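Asks: Take a look at the following structure, please.
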Ligand code: BGC
C-alpha cells in the first residue's frame, strides 16, 4: 500500500511540515503529519457507505500551532511524551539523583512539559518506506529537554492494513537512564460530530488507578466491581458517569503484562462504526474530553466538552514516582517498545 506525501505545507522551527495519506482497499483513509505525529483525520465508511471522520482535528496543520489552540492543552491527535499524563511535583528520581522537570501544570508536569513531543516536527527518515506502506518518523529529544536526562531518540511507525487496522509502533533508545511513557492522544467520535456520551464502551479491566483530587495517580489499584468504572460489559458512557466530570481515569488491563491484546471497544449506534483498540501496554487512560473548548476546528466546528474521547494506552500514570508500578525507566542498554492498533469496522 502506497502512502502519499503532500508538498511541504510550511516550516516550523526550520523544518518542513508534511501531511501523509494512508488509504486501504476498504476505503479507510488516515492523514498523519510529521508535526507532532498528529493523526489529523481518520475517515471510515459508516454502515450506509457514508464516509465519516472519526477523530477530532483541524482542516490545516498551521492551526495546530496557534496559541489560542495550544493554550487549551488538548493534544488533539498527537503523540504525547516524553512522559504522558501527570508526573507528581514535576520531579523524578533515577539512581538516587533527582531531576526537576518543567512544571506546566503546577505543581505537576503533564504530557511532557511546555513543549512536548506533540508540537515538535518529526523527521521522516526514509521516503522509500512510503512505497511499502510504512510511515516512519523520528525525533531526538535532547538531554535536559523539559528537565529529563538523556538524549532520547524516538521513532514512530504508522501502517494501515486491509483489515482496517492502523498500527502505531514506537521505539526509543537513550544514552543516559531516563523516564519514558508515551501515548497517542486521539479524540474519537464515532458519530462524526456532537457529544459522545451515548457511545457504547467496553474496557477489559478489573482494576482502575486511584487518584488525588487533582487527578494525579496516587498509587492505589482499586477494583471496578460495583463502581462506575466497571466497563467489563459494554455500556453507554453516560450510564454511570458523572455528567460534570465524565471520565479521566486509568484502567489496568486484564491481559498479561507486555502482551498485545484488547484495550477497549467503542461503538456508535448512529453510524454503526466500531473501534477496537489493541496494545502491548498495561493500562489505558479513558478521557472523555471534559476540558475541550476549541473554536474553528474541522469545517468550522466548535469542539465543546465531551465531543471526543481518548483511549490513551500507556504504562501506569506517574509510575516513575510509584515503585509498586511497573518501571518506566529506560536504560542505555535497553530499547523502549510500544505497539498500539486501532481497528475499525461498521455494521
Ligand atoms: C488527561 C486530562 C487532560 C487531557 C488534555 C488527558 O490525558 O488525563 O486530565 O485534561 O489529557 O490535556
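Glycine too: its Cβ is placed from the backbone N, Cα and C atoms.
It should be emphasised that the depicted structure is a prediction, and the values quoted were computed from it without experimental measurement.
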Asks: Among 16, 242, 248, 254, which residue does TrEMBL annotate as binding beta-D-galactose at the site that also has 85, 86, 185, 186, 187?
Replies: 248
Asks: How big is the gap, in Å, between the Cα of residue 186 (beta-D-galactose binding site) and that of residue 312 (active site, proton acceptor), rounded to a whole number?
Replies: 8
Asks: Measure from the CA atom of residue 187 (beta-D-galactose binding site) to the CA atom of residue 312 (active site, proton acceptor) and give the result in Å, rounded to a whole number.
Replies: 10
Asks: Can you tell me which of these binding-site residues sit near ligand 1, meaning the Cβ is under 6 Å from at least one of its atoms: 86, 186, 187, 248?
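Replies: Close enough to ligand 1 are 248.
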Asks: Ten-angstrom check, please: count other Cβ atoms within 10 Å of the Cβ of residue 312 (active site, proton acceptor), all chains counted.
Replies: 26
Asks: Would you mind reading off the Cα separation of residue 86 (beta-D-galactose binding site) from residue 185 (active site, proton donor), to the nearest angstrom?
Replies: 14
Asks: Which residues does residue 248 (beta-D-galactose binding site) neighbour through Cβ under 8 Å, counting only same-chain ones at least six apart?
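Replies: Same-chain residues close to residue 248 (beta-D-galactose binding site) (Cβ under 8 Å, separated by 6 or more) are 215, 285, 286, 287, 288, 290.
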